[in-house]
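Asker: OK, TrEMBL features for this one:
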TRANSMEM  40-61  transmembrane segment
TRANSMEM  67-87  transmembrane segment
TRANSMEM  94-113  transmembrane segment
TRANSMEM  156-180  transmembrane segment
TRANSMEM  186-206  transmembrane segment
TRANSMEM  282-300  transmembrane segment
TRANSMEM  312-330  transmembrane segment
TRANSMEM  389-409  transmembrane segment
TRANSMEM  567-587  transmembrane segment
TRANSMEM  599-621  transmembrane segment
TRANSMEM  633-651  transmembrane segment
TRANSMEM  671-692  transmembrane segment
Amino acid sequence: MKTNLEHKQPFNFFDKQVLGHPAGLFVLFFTEMWERFSYYGMRAILVLFLVSSFGLGGWDWPREHALALYGTYTALVYLTPILGGYLADRYMGYQKAVIVGALIMTLGHAFMAIEIAHIFMYLGIAGLIIGNGFFKPNITSIISELYQKHPEKKDGAFTIFYMGVNAGAFLGILLCGYLGEKVGWSYGFGLAGVFMLFGMLQFYFARNIFGNAGKKPTKDEDTNEEAQQAKLEFEGDRLNPFNLLDKILIALSVAFGLLWIINDPTSKIGNFNFLEFGGVDLSNQTAIAGLVSFLLVLILRIVRYPSIIRDRMIAIIFFAVFTVCFWAAFEQAGGSMTIFAKDYTNRVMSGGWATAFLIANILITTVPVAIITWVLILLFKQTFKNYPIANITLGLSFVIIWGLVVWMINRDLNSSAYIAHYEVVEKAVVDEQGQPVLDEEGNPEIEVIPITEDYNLVASDEVVKREVTIIEPIEFSIGDQMKVIDVDKKGNYIYLNESTEQTIREATPEGESTGIVNAEIKEIKENEIEIPATWFLILNSLFIIMFAPLFSKWWESKRNPSGAMKYGMGLILLGLGFGALAFGSLGIEQGAKVASVSIIWLVLAYLFHTLGELCLSPVALSYISKLVPGRMIAMMFGVWYIAIAIGNKIAGTMGGKIDEITEEYSMTTFFLIFTLVPAGIGFLAIILNPLLKKLMHGVR
């Protein structure tokens with residue numbers, strides 16, 4: 001017997017509305033919101049987890065290794081949607097692809113939350129990459145199909161949809177980051193998985209609201225080739241089928257590209273370089289071969305088009321190159337900039353600044369959640385009768401969100417700052433001949449060794465007392481003892497509770513040091529707070545929400561800049577953001593592993609980076625649809641994803657040079673590279689503006 005729950009006959013998509021749009025749009029809104037919650041939440045803590053010490057649940061990796069894996073992961077999540085979109089178009093349908101993708105990603109997050117063996121983390125990352133391929137391209141395709149007969153409403157629909165993207169990113173970074181840093185990495189990864197599951201269940205149980213949109217294509221819906229030919233000829237285009245050479249070059253570019261992307265972390269982390277032959281590393285040659293193969297297939301296809309279409313596609317190639325450069329720098333956010341926030345930024349705020357931060361953080365956390373909850377209530381009113389299980393699932397997810405928000409705020413309000421003293425041994429660094437090693441200024445280099453509970457002091461050891469600020473929601477008194485540990489062997493000490501201490505002791509091999517240090521409370525400060533390193537990542541979403549309406553009005557005005565000008569401005573603003581970090585890093589000593597610069601430089605960097613993103617990111621996909629002929633749209637969207645993937649991989653590779661560059665030069669030099677290169681390419685885009693306008697033949 002059928003119930004009247006999720007299996008009722010689907011009603012018209014535009015029958016029930018929320019905020020002037022069909023209620024079904026908000027089903028997609030919340031599904032995408034929880035997917036972005038899981039993606040950005042995991043991305044926020046991945047590198048921090050990898051460089052964290054063994055006893056604290058991390059893998060104790062060098063920064064270069066962590067960023068190699070990060071770059072490969074973020075590159076592959078932009079490549080798999082090409083295949084996922086193709087499979088959905090041809091065989092699965094968009095709805096089934098979204099469900100399959102969400103399920104695989106949920107399993108991926110579940111694997112990442114397991115701390116039994118490294119294989120589970122790798123399986124989890126693989127699951128996220130594959131699942132994202134099915135999910136990412138197809139949820140937006142459902143919107144396009146639903147609004148096919150209402151194109152005038154499509155821009156508004158996507159605006160609402162992308163607000164869900166930013167809301168999910170904001171909450172994921174905020175909550176997964178906080179849990180990961182303050183409680184444990186597995187909790188952060190696990191929370192990301194829980195909300196991916198909520199997103200999947202909500203979509204699955206409400207899927208009938210979309211009617212036939214996004215379902216598996218039938219033979220009757222297949223496009224007639226003759227009709228397509230006539231349509232393209234009417235548009236001044238002609239069919240340009242892939243010939244054998246095109247297919248061979250595509251296969252070669254895919255093979256070479258994947259080999260290069262995957263070999264980078266395996267060669268560094270696993271010491272297995274499958275691109276090394278006869279003692280010669282062919283990684284760079286493989287990357288070049290893949291790029292050349294890809295450019296060749298583009299050129300061979302472009303020259304087969306009429307002159308106007310050919311010119312427009314050449315313009316697209318220029319924009320793709322600018323895109324690679326932008327994302328190679330912008331994606332430092334989850335890598336080197338997060339490391340900078342953790343190790344080189346003074347995140348402890350005192351007095352009035354601490355109070356101001358607490359108030360601001362409460363507002364920027366509760367206000368967005370309250371607004372989204374209001375949207376949820378509106379959706380309930382329209383759809384609960386027809387889709388109760390979907391709505392109950394969604395409601396439960398918000399109960400958990402509010403619980404986490406209240407817990408986080410309460411924890412911060414009830415935390416106290418303790419100044420604790422611990423002891424270290426300072427030894428002069430000597431070379432193989434026993435001579436002191438001098439720094440650039442001629443002073444002896446000093447090695448600092450913490451006196452752990454199992455360290456054996458000798459008479460010649462010079463013991464020095466140091467202090468650390470520990471901020472915890474626990475009550476201590478002056479003179480109390482506490483256990484602390486250097487979380488990443490760079491001088492970042494954290495408090496160990498009994499549970500974590502026991503875990504470290506059990507994880508430490510016999511005969512090796514636990515790294516646990518005894519410290520004594522010397523001072524108590526009530527009005528201090530430590531900002532999590534991942535907190536700065538929420539600034540991107542926050543600034544997008546603040547400035548996107550202003551940019552939208554600008555683009556709709558008579559002073560709307562050309563595409564090349566927007567790209568140029570975006571790249572220059574990106575460079576200015578890194579310029580702020582370069583300036584703020586002037587006081588950091590060469591080769592320093594930790595420092596304490598002001599948070600203002602990171603705030604300015606994220607502000608300029610977001611303004612740059614608003615100039616460039618929305619323009620890209622719009623130009624593909626305007627400039628590219630019908631038969632090439634799918635391929636050029638693929639080219640765009642490939643450009644972003646290459647940019648992400650370069651971001652990981654370049655970010656991994658942070659130690660090498662800071663040791664040989666300085667932190668300022670490292671950030672100056674990301675200042676000058678994007679800014680220089682931005683000025684080049686502006687200089688090329690007349691040429692690109694000519695190539696675009698009137699398209700704006």
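Using the three backbone atoms N, Cα and C, a Cβ is placed for every residue, glycine included.
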Asker: Six or more residues beyond either end and a Cβ under 8 Å away: which residues meet both conditions relative to the transmembrane segment (156-180)?
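Answerer: The answer is 19-21, 25-26, 28-30, 32-42, 44-45, 48-49, 140, 143, 146-147, 187-189, 191-192, 195, 365, 368-369, 372, 401, 404-405, 408, 532-535, 537-538, 540-542, 544-545, 552.
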Asker: So, does the transmembrane segment (40-61) come close enough to the transmembrane segment (186-206) to give 3+ Cβ pairs below 8 Å, pairs being at least 6 apart in sequence?
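Answerer: Judged by the Cβ rule, the two regions touch, with the required three close pairs present.
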Asker: Based on Cβ pairs under 8 Å, which of the stretches 67-87, 94-113, 312-330 lies most in contact with the transmembrane segment (40-61)?
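Answerer: Out of the listed stretches, 67-87 contacts the transmembrane segment (40-61) most.
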Asker: Among 94-113, 312-330, 389-409, 567-587, 599-621, point out the range having the most Cβ pairs under 8 angstroms from the transmembrane segment (671-692).
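Answerer: Maximum Cβ contact count belongs to 567-587.
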Asker: Could you tell me what the rest of the chain brings near the transmembrane segment (67-87), counting residues at least six beyond its ends with Cβ under 8 Å?
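Answerer: Result: 39, 43, 46-47, 50, 97, 101, 125, 128-130, 132-138, 141, 258, 261-262, 264-265, 268-269, 331, 334-336, 634, 637-638, 641-642, 644-646, 648-653, 655-656, 658.
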Asker: May I ask which of the stretches 94-113, 389-409, 567-587, 599-621 has the most CB pairs under 8 A with the transmembrane segment (312-330)?
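Answerer: The stretch with the most contacts is 567-587.
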